[in-house]
């Protein structure tokens, strides 16, 4: 009874709560029942999902089985159904929600595709497990590449287009579809034919003299040497077609100006960036031949020269010789066994040119039925051969052009092989009419390995001691190479020998000027060197004078194709630069007493009153710096009062001061500048007057306030906006609250509203490239990079790091730092730690 009575008492007390809980449970059960799907509907949804998944899997399997081909730059993964890709994309878009459902089967998550997919936006589809997942990759190999050289090339190539070209070529190599197995030969001779063309004892005066079309392939900056070559080979009966390398803008502008007056000299309106050994060299030659065939109708021979060639015989003798053999073609063949030549020349290898590099992809078999011949790419071709090489379309020519598109040094054997296997083989003369100065011990150092996967050779420059090589048993009319910047005497010797010496006293005969820099010259895109990180800054003094800062830094070239400043991690070098402080003191009235006594002046921070020096070495000033004007005076019996006026970047007087020069002694004066902070960034000016004679400015001194890029070591602080703008109110510029009205009225300086607006616009940026450019622009007013050097053991470090797209012929490589006196890498015996000597000392 007691238990029952207690239970009723508790039930009465908690009755309301029990009813409430029961009601909530009933509501929850009701809504759960209402929201649950009908079993039939649930089964129907499940079947729809399974059907869609199965359809997608079948489609994926078809994709895997489909072939891949490249048609008009678009990739179709199943050539049997050109609309298959669009069908796949549409189905994929419709099935996105199902493919992302992790509760259904083993469907992997697929990255959501754009709503409107176009074939050329899609590069590759990859699948994983049973259900393959489409994904975008950088380039699309059409096969599994196994060739070792091709894999190496792919790992080193940078652009997607280049990788695709390498991969496509490698796949064709692997399935033996890149080259024909054989080519036709129409030469009536079984072996190579060579016609002997000696120098005739006499010439027939009744023969029509031949007219020559010279093609000059030039690059670099030696415009004076090119002008000199044109001068000695020029004749009004000949024609001259000049191709200027795409990277030689200065040379192009100069040569266009120089040749305007000559109707028989044309500069090619197109330009290629040719590289040593590249297939682009042959394309350049063939395109030039096509041009000159259309431009001029009456030339007989095509001769290619470079700016480093020079004639060793007069033009009249060359014309007579070619007139005698007007139906011949002059090419120098190799002087060794064919097999050895083919191996050394790399003709049994496949090469592809892209990214300004010749990539070796693997071995190949030479085509059957023809004789492969070659030697030098400097030739003299008659018009008939030129017309055939450009406009012919027979099987031999078409297949040879294709074969040489994948050949190293194609210009050195294309014309040789074409002639030897055509019906013009009897026109082949084994002589290219020139002498080349070979010194293989010095010229074969694999110096082109940074642009070609091969070790090549290059001829040497002629010196006077090499002139004996010009005497040969065969007829020769040109020699190479000559560089006046290396030796001008040998060029003078040949010039004077052919055309006589200039009159005595002619100026400039033994002088040379060669352009090194031209303002506003274009450079290859993304080929500026950018600072990656500053490693060290050292103050440098010479003969007790501050000479600047030596900055050690890592630098690199930007990645190809990047719109932002993204430095390629593999294209870096370590450099040192000497940043020299610009002289900023100008004496405007040299007759004044002030100009006669003032030796130097500077504005800076960290004034050392004990040593009477500014210890910030070079005046590195920011918006929050406390500034001091320090002047050094020579001895004089007279002293006087100096008035200095400080003018800010918007041409507003910010401070003035009076002080007396040292009396009857040399000395230093220091004047604190009372300027309200933050200082306005930009160029400030201090004017020197004698005893407030404001009509006569005796001297001016510039100093620069640099905006801040960091605050408390961090970028992007919003306070930088206010700091870098400086004091906004002109009335608040002076920290000492001096009344500047009188002096401002006296000087009557116009307010620079444009500078004020520019300052406000620049101060908006608290981080990013625009702020950095502003900092650099202001700092460059105070400092200039006087010199730079390479921190390395050898200059090859520069070439190995430099991107191939930035390579330019005859480019300037920085000096090694250890060879420059200003560099901290140069020897310093007085402070070098050495092993202990026998006397126990290291000094």
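Counting starts with 1 at the first residue shown.
Glycine too: its Cβ is placed from the backbone N, Cα and C atoms.
Remember, it's a predicted structure, so these values are computed and weren't measured experimentally.
According to Swiss-Prot, the residue from 290, 458, 511 that belongs to the UDP-alpha-D-xylose site alongside 217, 245, 274, 275, 276, 377, 378, 480, 481 is 458.
The shortest Cα-Cα distance between residue 143 (disulfide bond) and any of the binding-site residues 217, 274, 378, 480 is the one to 274.
Annotation for residue 446 (disulfide bond): same-chain Cβ neighbours under 8 Å, separated by at least 6 residues, are 455, 456. The Cβ of 276 has fewer other Cβ atoms within 10 Å than any other of the binding-site residues 276, 378. Nearest to residue 187 (disulfide bond) in space, judged by Cα atoms and limited to the binding-site residues 274, 276, 378, is 378. Largest Cα-Cα distance over the residues recorded as binding UDP-alpha-D-xylose, namely 217, 245, 274, 275, 276, 377, 378, 458, 480, 481, equals 19 Å. Checking each of the recorded positions 217, 276, 425, 789 against residue 171 (disulfide bond) by C-alpha distance, the shortest gap belongs to 276. Mapped onto three states, the DSSP output places residue 446 (disulfide bond) in coil. Note: the CA-CA distance between residue 304 (N-linked glycosylation site) and residue 378 (UDP-alpha-D-xylose binding site) rounds to 6 Å. Ranking the disulfide-bonded residues 171, 425, 444, 455, 457 by C-beta neighbours within 10 Å puts 425 at the top.
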